[in-house]
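Student: Among the features that TrEMBL reports, domain 'Aspartate/glutamate/uridylate kinase' is placed at B:2-233. The ATP binding site annotation in TrEMBL covers B:K5, B:I6, B:G7, B:G8, B:S9, B:G49, B:D178, B:G220, B:K224. TrEMBL lists B:K14 with the feature site 'Transition state stabilizer'. For B:G48, B:H53, B:G157, the entry in TrEMBL reads substrate binding site.
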Protein chains: 2
Amino acid sequence: MILVKIGGSVFSDKAGEPENFDTETVRRIAGEIAEFYPNEEFIVVHGGGSFGHYHASEHAIRDGLPGEWESDRRKKIGFSLTHQSMLRANARFIEVFLSQNLPAFSVSTSSIFLTERGEIVYADIEVIERLLELDFIPILFGDVSVDVAQGVDILSGDQIMAYLTKMLKPKKAIFLMDVDGIYDGKPGEGTLIPELAREEVPGLLERLHCTAAGTDVTGGICNKLRKAYEMAHYSEVWFVNGKVPGRLSGAIRGDGFGTRLR
Amino acid sequence: MILVKIGGSVFSDKAGEPENFDTETVRRIAGEIAEFYPNEEFIVVHGGGSFGHYHASEHAIRDGLPGEWESDRRKKIGFSLTHQSMLRANARFIEVFLSQNLPAFSVSTSSIFLTERGEIVYADIEVIERLLELDFIPILFGDVSVDVAQGVDILSGDQIMAYLTKMLKPKKAIFLMDVDGIYDGKPGEGTLIPELAREEVPGLLERLHCTAAGTDVTGGICNKLRKAYEMAHYSEVWFVNGKVPGRLSGAIRGDGFGTRLR
């Protein structure tokens, strides 16, 4: 089993038009998955890009419910709008995968997970496991979440990856990003790290000035590295450029260009 | 708590254009719910109408997976297309409810239920219960289902109603249909039954020539009556005309026109 996270910046331009979607890139990614399916089982998780974020930040979903009836009602409506926007992104993925003859199936993240301040505290992955047994490719997504501490929150695709890796122990968990992998410094400035041992991660986090809090709404590279550090207990973790043809298949084969975390 | 099932024939013309949706009727239904929300909690379940059915019958989803790789793959793709079509119907409901200032939230049926030949054998309603605590209005829908016996099947909105009634014991479960209620004979020909006691149902089923098997893809009036017979253990059940203004609110108040099953 291989988990693939398709980062928002890979399929969408967050600074562009609302809900823009790079069909060509997603079709190429699906094509690389098709080279290995059905010999390999796959689960795909995608981020938000230009979907979801608008409503999520407009309504400050991460701050939870304020606890006053009318403000709560407005925020709940924003919460629902955010989910619908993510469902539209997900529908585009499903459409592309099906057109490549891959039996992808949408699983609604917010229907099966509960969070506590954005961290998963409850999950039901029974349907996902059954879908895998039937050789479906479940496609999940970063989404809003019902939160036991603050009513509502956001559940990032990276969190879902970490949770599924822990529960399902895949051979590989691959993060597709819009940079070539993990850099020892700023992306494009520092040196790309081709191989990283788990025990080197804490030192790297320090060099990258990763503080306790995340750097963007769903966590940037610091959060990704922290999650990867947990995940490396259970699976090999790869960070590769999802924009460049062949990088995903390289990671699946195991000889690809990017960062490999053992 | 009140469960409302909006039948496919109430919001959509199955014989009309693919995916036609009667926004005006749904807006009016949402308006009748808004008269009682938030004093009452609501869960809404809708059927398929002109959504879903095309792919479901085209791919004979009810027959399960044939067990041959290429035919299975084609059927899985049809299964996924059916779900996406139902998500489009659901998105229309969510849009209308939100526009009426009702905090509706989409829960994806196929992400939380498993069936065995179309009957629910596994369910996780944790998220639904949390949504209710937060005064959301969860909106579910008849959908495809992963089936433990035959791989894939259809889970009807009526089945979901029966299951949720058993688990959540609402005050009322209300079925909105395109006829005035349950008739002692063919709709429009026999006499409308305003009040029905649970123990009268088996006799009525016999008079209606309801055989063991259902009459349409998700069960017609016979299946509805059989489900209502189970449900009446836990809740009052109403059958009213969803096309006629005021019938839903009448059922919610308890003095409405239709069939009431005690």
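The backbone N, Cα and C atoms fix where each Cβ goes, and this holds for glycine too.
No curator has checked TrEMBL annotations; they are predicted automatically.
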Student: I'd like to confirm something. Which of the recorded positions, B:K14, B:H53, B:G157, has a Cα closest to the Cα of B:D178 (ATP binding site)?
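Tutor: So, spelling it out, the nearest of the recorded positions is B:K14.
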Student: Do any of B:K14, B:H53, B:G157 (recorded positions) have a CA within 10 A of B:K5 (ATP binding site), and if so which?
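Tutor: Of B:K14, B:H53, B:G157, within range: B:G157.
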Student: In DSSP terms, helix, strand or coil for B:G7 (ATP binding site)?
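Tutor: SS state of B:G7 (ATP binding site) = coil.
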Student: Given the recorded positions B:G7, B:S9, B:K14, which lie within 10 A of B:G157 (substrate binding site) by CA-CA distance?
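Tutor: Correct set: B:G7.
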Student: Taking B:G48, B:H53 as the binding-site residues to compare, which has the smallest set of other Cβ atoms within 10 Å?
Tutor: B:H53
Student: Within 10 Å of its Cβ, which one of these recorded positions (B:K5, B:K14, B:K224) has the largest number of other Cβ atoms?
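Tutor: Result for the most crowded candidate: B:K5.
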Student: From the Cα of B:G48 (substrate binding site) across to the Cα of B:G7 (ATP binding site), what is the distance in angstrom?
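Tutor: Between the Cα atoms of B:G7 (ATP binding site) and B:G48 (substrate binding site), the distance comes to 8 Å.
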Student: Compare the C-alpha of B:H53 (substrate binding site) with the C-alpha of each of the recorded positions B:S9, B:K14, B:K224, and give the closest one.
Tutor: B:K14
Student: Which one of these binding-site residues has the most other Cβ atoms within 10 Å of its own Cβ: B:G7, B:S9?
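Tutor: Of the binding-site residues B:G7, B:S9, the highest Cβ count within 10 Å belongs to B:G7.
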Student: Which whole number is the mean pLDDT over the domain 'Aspartate/glutamate/uridylate kinase' (B:2-233)?
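Tutor: Averaging the confidence scores along the domain 'Aspartate/glutamate/uridylate kinase' (B:2-233) gives 93.
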Student: How far is it from B:G48 (substrate binding site) to B:S9 (ATP binding site), counting Cα to Cα, in Å?
Tutor: 8
